[in-house]
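Worksheet: one structure, shown below.
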Amino acid sequence: MTDKDGNKQQKGGILALLRRPSTRYSLGGILIVGIVAGIVFWGGFNTALEATNTETFCISCHEMGDNVYPEYKETIHYANRTGVRATCPDCHVPRDWTHKMVRKVEASKELWGKIVGTIDTAEKFEAKRLTLARREWARMRASDSRECRNCHSLESMSSDMQKQRARKQHEMAREDNLTCIACHKGIAHHLPEGMTEEDED
């Protein structure tokens, strides 16, 4: 079918155009454009991913900057004799790509909380602290404290260099197959009020 100027009318619009081979562009040209577009997309995606994986990004929200960041700065993970600092993503974002993507999707819930103001005041944050802590402890238990083990390893620890109490606790942890978070809650942030015996395990 042609219009009054003799041009063919497209049936089905954009879907039809996508289904039929192009008479104007070569397959090679389309392929090159697709590859370049893919590289640009992947580069942009990876840049955004890394930008959201920094301590600066984490504390850019006043909820984190005003509540947990000041208490983290008082811990051994912030300042210590070796000069090695564990930042927010070191503990809260997995390093391997698959688990990192899962965590980023989970973080969208936190972004929603920011938008609706779930913890936008110190009082609201404290009211939710136990819930937030329990969620993070459960995540760490489920992953066998994977992020802790990026820096710490029971197998690499020299027990004869540890204090007697620490040596005994780590030996028990090995025997009972415990994960780091079972004993080290509150290592980087204040423990929430209202914890139960169940939370202590």
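Each residue, glycine too, has its Cβ placed from N, Cα and C.
The topological domain 'Cytoplasmic' annotation in Swiss-Prot covers 1-24.
Summarising the annotation, Swiss-Prot assigns transmembrane segment to 25-45 and lists sequence analysis as the type of evidence.
Feature annotation from Swiss-Prot assigns topological domain 'Periplasmic' to 46-201. Confidence over the topological domain 'Periplasmic' (46-201), given as mean pLDDT on the 0 to 100 scale, stands at 91.
Note: Cys61 (heme 1 binding site) has non-local neighbours Lys114, i.e. same-chain residues 6+ apart with C-beta under 8 A of its own C-beta. Feature annotation from Swiss-Prot assigns heme 1 binding site to Cys58, Cys61, Met64, Glu110; the stated evidence is similarity to another entry.
Sequence-distant neighbours of Cys88 (heme 2 binding site): residues of the same chain at least 6 apart with a C-beta under 8 Å from its C-beta are Thr54, Glu55, Cys58, Ile59, Met64, Tyr72. The heme 2 binding site feature in Swiss-Prot is assigned to Cys88, Cys91, His92, His189; the stated evidence is similarity to another entry.
Secondary structure from DSSP puts Lys104 (substrate binding site) in a helix. Under a cutoff of 8 A between CB atoms, and with a sequence separation of 6+ in the same chain, the neighbours of Lys104 (substrate binding site) are Leu49, Thr52, Val93. The substrate binding site annotation in Swiss-Prot covers Lys104.
All protein chains shown were included, and the count of other CB atoms within 10 Å of the CB of Cys151 (heme 3 binding site) stands at 11. Marked as heme 3 binding site by Swiss-Prot: Cys148, Cys151, His152.
What Swiss-Prot records for Glu175 is site 'Interaction with NrfA', and it gives similarity to another entry as the kind of evidence. Glu175 (site 'Interaction with NrfA') has a Cβ environment of 8 other Cβ atoms inside 10 Å.
Taken from Swiss-Prot, the feature heme 4 binding site applies to Cys180, Cys183, His184. In this structure, Cys183 (heme 4 binding site) belongs to neither helix nor strand by DSSP; it is coil.
Taking the mean position of the Cβ atoms of Cys148, Cys151, His152 as the heme 3 site, the remaining residues of that chain whose Cβ falls within 8 Å of it are Ala86, Ser145, Glu147, Arg149, Asn150, Ser153, Cys180. Listed binding-site residues near Cys91 (heme 2 binding site): Cys148 (candidates Cys148, Cys180, Cys183, His184; Cα-Cα distance within 10 Å). Distances between the Cα of Cys148 (heme 3 binding site) and those of the recorded positions Glu110, Glu175, Cys180, His184, His189 are shortest for Cys180. Among the recorded positions listed (Cys151, Glu175, Cys180, Cys183, His189), His189 has its Cα nearest to the Cα of Glu110 (heme 1 binding site).
Other than the site residues Cys88, Cys91, His92, His189, same-chain residues with C-beta atoms no more than 8 angstroms from the centre of those residues' C-beta atoms, the heme 2 site, are Cys58, Val68, Tyr72, Ala86, Thr87, Pro89, Asp90, Glu136, Ala188.
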